Amino acid sequence: QIFNQHNAEAPNLEQAFHRMAQMEPNLDHDVSWFLLPSYWAKMVVALISFLCFANSYDGDFVFDDSEAIINNKDLRAETPLGDLWYHDFWGSKLSSNTSHKSYRPLTVLTFRINYLFAGGFYPVGFHVINIILHCTISVLMVDVFSILLGGLQFSNKGRRLNLAPKSSLLAALLFAVHPVHTECVAGIVGRADLLCALFFLLSFLGYCKAFRENKEGHTFSVFWVLVSVVLGAIAMLCKEQGITILGLNAVFDALVINKINLLELIRKLLYKDKALENAGLLRKGLLFRITLLMCGGASILYIRWRIMGTGPPAFTEVDNPASFADNLFVRAINYNYYYSLNAWLLLCPWWLCFDWSMGCIPLIKSVSDWRIIALAALWFCLIGLICQALCSEDSHKRRILTLGLGFLIIPFLPASNLFFRVGFVVAERVIYLPSIGYCILFTYGFSLLSKQAKKKKILAVAVLGILLINVMRCALRSSQWRSEEQLFRSALSVCPLNAKVHYNVGKNLADKGNQSAAIKYYREAVRLNPKYVHAMNNLGNILKERNELHEAEELLSLAVQIQPDFAAAWMNLGIVQNSLRRFEEAEQSYWTAIKHRKKYPDCYYNLGRLYADLNRHVDALNAWRNATVLKPEHSLAWNNMIILLDNTGNLAQAEAVGREALELIPNDHSLMFSLANVLGKSQKYKESEALFLKAIKANPNAASYHGNLAVLYHRWGNLDLAKKHYEVSLKLDPMAPGTKENYNLLRRKLEQLQKKGG
């Protein structure tokens, strides 16, 4: 045991209380583990945590990264910085009915800084920051675990003493290499959990600093208590779980600083014992500090509630089916089953999945379901630990078990469905903070086994083996998070009943052009979840492209029947109806899509195509103009306007539209080509030639570009250049319409000229 070195003069009671000098067992006495100086211990933890996740540094943007980063306008420089404080994590207005209500402006701010420094969406910088954050958090864990496992004590110089160097190193290593953390580190969206954990720990360490004796001899510093509250608020601005640190600081204060025996306190309260001071409840400063924490927490929650609005986020049944169960018993049973699954992921993190919703975990609807055993096992262990934490005569044991359970349970409460419905069934990312409690309990269990074991080295080797297995599992899981294909396919064996897994595998295959394989996975997604409208929409799209129009129409009609405000499905249904030449129905579908999504440029574009097919030229031009107003870079809409005006003989208007389009999209070769055609017809040969050549430079293998340039030269009288480009066009596409006929005409003309010259 390490003690403070005192002056010859005995310290007063306040000084003794401040320094926490205590004669209790030291956890390290029983732990057979490595003893390293603090600096080296932190270096080892940092290195090993880096090795676990280093191979994720050059991974892609995967899964939720697309919505939270690539499609999030809050990352762009043109979005005012102040908007971050009124938008949710995904870039939607918090006041919107469709908002997820996840308010994490500081996390989004770090994404924005990443984006600006990288000069675009390059994932390497995002991944590197995540890895650095996890390494930093793991290093901080050495200090945190030294306090939680060894107690809080300072030297005469005010330096905090590490009374459990071996135990804190083991616990920090367990935390650093836990495979369940892979989602937070390798998935960029996990930045929210990492930043939250960082400020969560800083808040705890700041609260501990409040008890370092100051020059005035005060037993605690109000300043550091307030700093802890501010850091807790910052943690919550990174992710909602951060607010729970204020409750944990209060628990730590009561158990470690004031050494309150909870069971004794409960007894005194039940019997209305007037001597509560002896139980430690009214010890100097405790109520004041807890009041500060409570007031700070209440203020933070009030401000958060005002910003978020009074309405809770809207989730669907597929996100969290248990929360939609009518029977209270069914809800309670399934919530507890979810808790047991989270506990199992901490104990055995072998089956990991990016998403546990959509049928991955079927509801328990009867007590005859064998999965009830998992609930019984969870509560048997929890009740046993709680009894030991409350009733043990060993104060050291009581303190460690209570802190372990506190750090395991309290940070998990926001994800427990107890206070509000959450939008997931199981999410590995939310176990990042609760794993602190798991590491405390594991380390304490290891110390008890070491105390009883005769061959302690064998036990130490076993723990080393667990650490090594976890390191390898982290590396393997990190490699799966490097690309969507690997990530989605890895989930098929873990959650074969999850419709979203099959949907994502199908979408990934479709993006790569493998439509036949994609259809198989989309069909399975719809089979597993007959109301999965997004799978129906994507499957309908592929069938539409394969000209299987009737089945596509059935799927899309069913999708809009299930979800009447599904704008994308209405638009795709309109495209299918247009292909089936049911023009009135198609027009109605397009307008229904626009009704549900006011700013829908692609739908206006397709509506314009419908009007063009019906020779309603003015309506077509208006629809395409609406598309370009909503999306100025909509190249197809600009092109169609130019072509329609060209075909109807409005060359001046076509030229004006083409020039307007090229000002907005100067590097679009298809626009250059369309405008060059118009200029050629207007006999502006020089300017037309320049645009054709520029388009060919951008896309040299387009046969039509060479063919139309040849036509320009043909009209212009540059016959040799015309011949050259006709030949290039025919080489690229021997079946190019009209090119062969024009080339034959040119050859006959050249032959006639040669005869005349001869």
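Cβ from N, Cα, C; glycine included.
Predicted automatically and left uncurated, TrEMBL annotations should be read as such.
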Self-check item: TrEMBL annotation of transmembrane segment - which of the ranges 243-266, 339-362 it falls on
Solution: 243-266
Quiz item: Can you find at least 3 Cβ pairs under 8 Å between the transmembrane segment (33-54) and the transmembrane segment (188-208), where each pair is 6 or more residues apart in sequence?
Solution: no
Self-check item: Outside the repeat 'TPR' (499-532), six or more residues from its ends: residues with CB under 8 Å to it
Solution: 63, 318, 353, 355, 357-360, 484-485, 488-489, 491-492, 538-539, 542-543, 545-546, 555, 562
Quiz prompt | Contact call for the transmembrane segment (286-305) against the transmembrane segment (243-266), three or more Cβ pairs under 8 Å | solution = yes
Quiz item: What are the DSSP helix, strand and coil residue counts for the repeat 'TPR' (601-634)?
Solution: 27 helix, 0 strand, 7 coil
Quiz item: Sequence-remote contacts (6 or more beyond its ends) of the repeat 'TPR' (703-736), Cβ cut-off under 8 Å?
Solution: 669, 673, 676-677, 680, 685, 688-689, 692-693, 695-696, 742-743, 746-747, 749-750, 753
